[in-house]
Amino acid sequence: MNKFATVLVLASICLAGVSAQCPRIVTRAQWGARAASTAQLPIRPAPWVVMHHTAGAACTTDAACAQQMRNIQSFHMDGNGWADIGYNFLVGENGAAYEGRGWGRQGAHAPGYNDRSVGMGVMGTFTNAIPNAAARTAARNLITCGVSLGHIASNYWLIGHRQAVATACPGNAFFNEIRTWPRFNPNV
């Protein structure tokens, strides 16, 4: 086998390993995002992951989740006056991750952490119940994916939004769930 073929085989093996750790990611174009301009994340890889819930409707289908993303983006841009949707990614209960601002972009989701974190959340309200297994798996895999791709530091810390600012987010039930996840930091 020549050197070029060997490099191609090794590259495909590496990419297969990374994609196996990543959930299905629905791009901005695929969910119908509006054009936006956001700043690059100044501290990379991000040393923090901040977990949220949207405190709105949950979604279990691609169409419903895409609509929720558009609704949230409109609320953030038109209602809050932000440059874009505040989160880097959101996850639906269909098990897919939806690109918000995306990797390497500064979010508008957690004051004091926006310039040093990846903001992730699950669409829905999780005060009394946790997200379904598909959403929880996708969220954990998205963190692993971010570490594998070099967007999240391997020694990152995970916190709930309520640890950054006075809020009920990510809901009592979901907060108690993420407290059991790897790299959760109770002492922020």
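Just so you know, glycine gets a Cβ as well, placed from its N, Cα and C.
Per TrEMBL, signal peptide is recorded for 1-20. Residues annotated as disulfide bond in TrEMBL: CYS22-CYS145, CYS59-CYS65. The domain 'Peptidoglycan recognition protein family' annotation in TrEMBL covers 23-165. Per TrEMBL, the feature domain 'N-acetylmuramoyl-L-alanine amidase' maps to 36-171.
Each residue contributes its Cα atom, and for CYS59 (disulfide bond) and CYS145 (disulfide bond) these two points are 22 Å apart. Non-local contacts of CYS22 (disulfide bond) by the CB criterion (under 8 A, 6+ apart in sequence, same chain) comprise ALA97, ASN141, LEU142, THR144, CYS145, SER148, LEU149. CYS145 (disulfide bond) counts 22 other C-beta atoms within 10 Å of its own C-beta, drawing on all protein chains shown.
Helix, strand and coil content of the domain 'N-acetylmuramoyl-L-alanine amidase' (36-171), in residues and according to DSSP, is 37 helix, 31 strand, 68 coil.
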